[in-house]
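Enquirer: Positions annotated as domain 'PurM-like N-terminal' by TrEMBL: B:40-153. Under the heading Mg(2+) 4 binding site, TrEMBL lists B:D42, B:T56, B:D87. The Mg(2+) 3 binding site annotation in TrEMBL covers B:D42, B:D87, B:D238. Under the heading Mg(2+) 1 binding site, TrEMBL lists B:T57, B:D58, B:D135. Here TrEMBL flags B:D58, B:D87 as Mg(2+) 2 binding site. Taken from TrEMBL, the feature substrate binding site covers B:H65, B:E291, B:W343. What TrEMBL records for B:Y117, B:G134, B:D135, B:R161, B:S240 is ATP binding site. According to TrEMBL, the Mg(2+) 5 binding site annotation covers B:D241.
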2 protein chains.
Amino acid sequence: MIEDKNQQRTQLSDLGEFGLINHLTEHFEIKQSSTLKGVGDDAAVLKFENKKVVVTTDLLLEGVHFDLSYVPLKHLGYKAVVVNLSDVCAMNAQASQITVSIAVSNRFPLEALEDLYAGIQTAAKIYNVDLIGGDTTSSTTGLLISVTAIGEVEDEEVVYRDGARPNDLLVVSGDLGGAYMGLQVLEREKEVFKVNPNNQPDLEPYTYIVERQLKPEARKDIVQLLKDLKVKPTAMIDISDGLSSEIMHLCKASDVGCDLYEEKIPLDPQVISTCEEFNIDSTTIALNGGEDYELLMTISQDDYPKIKANPNLTVIGYMKASNEGMHLVTRADTRIPLKAQGWKNFND
Amino acid sequence: MIEDKNQQRTQLSDLGEFGLINHLTEHFEIKQSSTLKGVGDDAAVLKFENKKVVVTTDLLLEGVHFDLSYVPLKHLGYKAVVVNLSDVCAMNAQASQITVSIAVSNRFPLEALEDLYAGIQTAAKIYNVDLIGGDTTSSTTGLLISVTAIGEVEDEEVVYRDGARPNDLLVVSGDLGGAYMGLQVLEREKEVFKVNPNNQPDLEPYTYIVERQLKPEARKDIVQLLKDLKVKPTAMIDISDGLSSEIMHLCKASDVGCDLYEEKIPLDPQVISTCEEFNIDSTTIALNGGEDYELLMTISQDDYPKIKANPNLTVIGYMKASNEGMHLVTRADTRIPLKAQGWKNFND
């Protein structure tokens, strides 16, 4: 489906470990004042002047988290960084550094890793983070990427999951369900391609949702927006597993309940039309789809005037006492207990 | 060879991701004052008061870095942490936090992961580091461990690879070659076991070297010793790939040459006797064996009186001008250029 136009193949063994790391990272620049020493010693050396430091890490595995038959390596590198930066944003922090480790089998030529690192570098540039370390090793099967992201935040600005209080507003950035529906489109095209490799897929009607899947963004802009609006959320989390699961995390950590209004859930028109095409309920997709990397937060009602006119933020419900439970209030005005579909990898 | 006495098998899918992480990490305590928030939010939150922060990361893969037919999972967990802490020590820093991510296939029951985490917890306790995060995912094959270690160091105390100057003394902690010879013994016993599963291996004569392989230590004690002796190395690196390769890294980073004296290389008697048994040259093993996790440093000649009586530190050579090259001076007083065997994983 994704045609490999790069015919050149350089064996990884031609470079050796240090040659490989140097080759892949030589064009990365150090820009953060907090980075004193990046790649090239036993460890990177950082200095954060009187700020809190946040640290998060994620593993991405071929065959589990991505399928290289329709994910270009450059996009994969970009996404591997972004999903970690999204966690940094969820702490209301600014990302500053990343480490990237990869395990890769011999079937990948050097040119494939160059594509992967081109995506990593693009993300590092756009999000203004320094690549400060990593490890490169061979794998007996497939590709694995492990990213650790580091960020900084003023002492009083850090936002946890556990600060939501009854009557706080539940607010989400952007729109939901796009990444999951983009994946459905890509999976369908992969099946079509298997049957007829000459068929050229027309992804034009799905541009937005396919991009949401292949090239998600961390909502660094929302962290800045909240700062500009002088709104500090009482709790915040990023939406990696689906709205329902993340709401339940917030409620559990904060010991509160919640009413979520179905009619308020922000959906892009392309998500709605694609859901109709696939005959899937769009609310189910928004609740359980995952990988949208939007920010879900609770804010004090006092802050409502500051956000109400903003197109990037949507109030989708409000928090209640813990004993009132967590519910979806449907368009038909019935109340359904929220369920998290959660993580099913081990059941595959 | 390692008998599995634990007959209980709990499927990982019975727990799900969050249940699994919670279950594996619930007995870990937070002890460092720099850890404000560990596992349980989008990111950990740390605060380092006016210190430099060091960050290092390593990937360990089954079939590449370890063989579960003779490495008990508890030892593997311990070692996965220690090899990262060794890098922190090499910066002259104190380790304070770790993140641990694992990818694991369905063939591992929960009890196996509990063993792995018992080893991680033992290392965390002994080295006084907090587990602050990680990721747990399924893998299509085998086990993978990704550890990131964080440490702190006073501004003026950090030691890089690039500070060695001509006439500095080349100093190594402990002794060398043990980990590699321990591996040879374990590999031999594995072959014997394949032929005759009833044969009970007698590892008694190899206790020290097998422990060097299975349960290496990071030389945190040497970092403290240097502090007590008021010696700040001009350059330092940990020995993960073999003495020869690490000397070349120091020389290249510092733009100096070096004379290394064969007769000064510290070897344990068990390494010497096992090398004789295997008919291998012990100097070759010390130079290229790897995984000893000792510290290799250069110190000013002015500091020699402070270290000369110390049994933990051995002067093995001295640094020269860059144009004089890097040489091994043999017992027969011939000078042989140093070579790094380096990293050959991609050639396998």
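Going from the start of the chain as shown, residues are counted 1 onward.
Glycine is no exception: its Cβ is also placed from the backbone N, Cα and C atoms.
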Enquirer: Would you please pick out, from the binding-site residues B:D58, B:D87, B:D238, B:E291, the one with the fewest other Cβ atoms within 10 Å of its Cβ?
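Expert: Each of the binding-site residues B:D58, B:D87, B:D238, B:E291 was scored by Cβ atoms within 10 Å; lowest is B:E291.
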Enquirer: In angstrom units, rounded to an integer, how far apart are the Cα atoms of B:Y117 (ATP binding site) and B:E291 (substrate binding site)?
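Expert: So the alpha carbons of B:Y117 (ATP binding site) and B:E291 (substrate binding site) sit roughly 22 Å from each other.
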Enquirer: Using a 10 angstroms cut-off on Cβ to Cβ distances, just flag whichever of B:T56, B:T57, B:S240 is the loneliest among these binding-site residues.
Expert: B:S240
Enquirer: For B:Y117 (ATP binding site), what is the secondary structure by DSSP, using just helix, strand and coil?
Expert: helix
Enquirer: For the binding-site residues B:T57, B:D58, B:D87, B:D135, B:R161, B:S240, which residues show a Cβ-Cβ distance under 8 Å to chain A?
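Expert: From B:T57, B:D58, B:D87, B:D135, B:R161, B:S240, the ones near chain A are B:T57, B:D58, B:D87, B:D135, B:R161.
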Enquirer: What binding-site residues among B:D42, B:T56, B:D58, B:H65, B:G134, B:D135 are found with a C-alpha within 10 angstroms of that of B:D238 (Mg(2+) 3 binding site)?
Expert: none
Enquirer: Looking at the binding-site residues B:H65, B:S240, B:D241, which has the shortest Cα distance to B:T56 (Mg(2+) 4 binding site)?
Expert: B:S240
Enquirer: Which residues in the same chain, at least 6 apart in sequence, have a Cβ under 8 Å from the Cβ of B:H65 (substrate binding site)?
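Expert: The list for B:H65 (substrate binding site) reads B:L59, given in order along the sequence.
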Enquirer: Listed binding-site residues are B:T57, B:G134, B:D135, B:S240, B:E291; which of them have CA atoms within 10 A of the CA of B:D87 (Mg(2+) 4 binding site)?
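Expert: Among B:T57, B:G134, B:D135, B:S240, B:E291, the ones whose Cα sits within 10 Å of that of B:D87 (Mg(2+) 4 binding site) are B:T57, B:S240.
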Enquirer: Roughly how wide, in whole Å, is the group B:Y117, B:G134, B:D135, B:R161, B:S240 that binds ATP, by largest Cα to Cα distance?
Expert: 33
Enquirer: Given the binding-site residues B:D42, B:R161, B:S240, B:D241, B:E291, find the one whose Cα is closest in space to the Cα of B:D135 (Mg(2+) 1 binding site).
Expert: B:D42
Enquirer: Can you count helix, strand and coil residues in the domain 'PurM-like N-terminal' (B:40-153) using DSSP?
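Expert: Residue counts in helix, strand and coil order: 34 helix, 45 strand, 35 coil.
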